[in-house]
């Protein structure tokens, strides 16, 4: 059976080479060719012995996922629909800024968590992505963007904030992030790789031990009653448990704060009282806030908070001494903004079908 070498981080690749009678150092060579240089043809890997190249050509491949569609926004944001087979596709977004280039990477085909304000969740869930399908998004984007003439990185930051809950696909996501961090591959620092979770507490503890990168938490509500409703995983891991997990995570994190993401939903979670409740629940967690104006999608049932309400909410947090950013909406014209990623999901949960039936009855 043909082996896709993009599924291996360097440790797994060393095991693979030992298994075929080769020295483990071949793993470092292969990592550089695959990821640093973006080469998928063994014949072009000139410092690898010809006999080994011929052997690899018979039993292995370097096979990134294919791009079904590429779109470029008026603001320079780029979105790729990545074909992952069986009628499924995931979306990857590159956001260029003056001081950085951020790639937003998906971890699952759809999402099983069913947050009520998220377009991805509305699509249901099909499966976890493999390591090659996760790191392949970075591979594909690097190829498409080319090299900066000045030698600077075009992709300087990676955020695991695309489709899916990364910690629900723990092993594959961590293996892919290890490739991102590997100096023989992409060489990103732990501070420049951010994982966003809705709050899978046991997996947060495991991540702290196995691959502590920068942490963002999709909080979105300042009390359990509201969070139970809009972020259903809160029923399993309520806010007190989540805050305690954040404190534990910071013991080994590369940054000394957690970023709390908070989508601004008109009349739902955006009042001054909500802001004061938010200050109360985070008081023991060093943090900053990222306020996200809701990006509408069809039949969402929500509206974006009014600008004055967002400013009032922000000011209450800032007056308490916190760093607060309000996320700029990028790529909205190509549905690449936060919460808009939907891809193509062959839903195995039948969630989307159930919702259609409910809406039809209503």
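Any Cβ shown, glycine's included, is placed from N, Cα and C.
According to Swiss-Prot, the feature active site, proton acceptor maps to 91, an assignment based on sequence analysis. Secondary structure at residue 91 (active site, proton acceptor), as computed by DSSP, is strand.
Annotation comment: Swiss-Prot describes 338 as active site, S-methylcysteine intermediate.
The [4Fe-4S] cluster binding site annotation in Swiss-Prot covers 111, 115, 118.
Swiss-Prot lists 164, 165, 196, 218, 219, 220, 295 with the feature S-adenosyl-L-methionine binding site, giving sequence analysis as the kind of evidence. All protein chains included, residue 220 (S-adenosyl-L-methionine binding site) registers 24 other Cβ atoms within 10 Å of its own Cβ.
According to DSSP, residue 104 (disulfide bond) sits within a strand segment. Summarising the annotation, Swiss-Prot assigns disulfide bond to 104-338 and lists sequence analysis as the type of evidence.
Taken from Swiss-Prot, the feature domain 'Radical SAM core' applies to 97-333.
Secondary structure at residue 295 (S-adenosyl-L-methionine binding site), taken from DSSP and collapsed to helix, strand or coil, is coil. Spatially, by CA atoms, the recorded positions 91, 104, 111, 115, 118 include one closest to residue 165 (S-adenosyl-L-methionine binding site), and that is 111.
Among the recorded positions 91, 104, 111, 115, 118, the ones whose Cα is located within 10 Å of the Cα of residue 295 (S-adenosyl-L-methionine binding site) are 118. Residue 104 (disulfide bond) sits 9 Å from residue 91 (active site, proton acceptor), counting Cα to Cα. The Cβ of residue 164 (S-adenosyl-L-methionine binding site) has 30 neighbouring Cβ atoms from other residues within 10 Å, across all protein chains displayed.
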